[in-house]
Amino acid sequence: MFDFGNANDGQRQAISTTEGPVLITAGPGTGKTYTLVQRAIYLIEEQGVKPEEIFIATFTEKAAKELITRITNELTSRNITVNVNEMYVGTFHSLCLRIIKDHLEYTRLKKTTDFWIHLISSIWFLEISTNSERFLELKMLCQRVALGNGRRQSVNFQII
């Protein structure tokens, strides 16, 4: 029997629902992250769902990182061995990029250096507007992509 911990009735329903996707909306500090973590554990432990069949989208990177950390800790505490990296957990933008990369052969997109530089910078643009650390990470990634494909010119970005 699954241990729901301190989950209230609404959380228990969200955790144990197995029909279709679940949208969880609530105010700050109401247990959304707890509910999502327990739902992932419930699906793996009780329903036998494979990690790669779990998709959790958030609005912020902070929330996505917190989810991954808590899911990993909960799986470890229950002695459940799965690769959390196989789960689709992240921001809407990062998950869209991952899906495109995972299924590129089914699209009309070409896998070229210019394509990846444009795609990565377009998707991350919304996430780096005020985050200089994220900006530098994007700049370095695009430069690696360019240099890894034989380009010798640098890729220049600036915060406007």
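In case you wondered, yes, glycine gets a Cβ from its N, Cα and C as well.
Taken verbatim from TrEMBL:
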DOMAIN    5-160  domain 'UvrD-like helicase ATP-binding'
BINDING   ALA26, GLY27, PRO28, GLY29, THR30, GLY31, LYS32, THR33  ATP binding site
So what sits near PRO28 (ATP binding site) in its own chain, CB-to-CB under 8 Å and at least six residues off in sequence?
none
If you count the other Cβ atoms within 10 Å of each Cβ, which of the binding-site residues THR30, THR33 comes out on top?
THR33
Have a look around GLY27 (ATP binding site) and count the other CB atoms within 10 A of its CB, chains all included.
6
What three-state secondary structure does DSSP assign to PRO28 (ATP binding site)?
coil
Hey, of the binding-site residues listed (GLY29, GLY31), which one tops the CB count within 10 A?
GLY31
Model confidence over the domain 'UvrD-like helicase ATP-binding' (5-160) (mean pLDDT, whole number):
80
In the chain carrying LYS32 (ATP binding site), residues 6 or more apart in sequence that have Cβ under 8 angstroms from it:
ILE24, THR25, ALA26
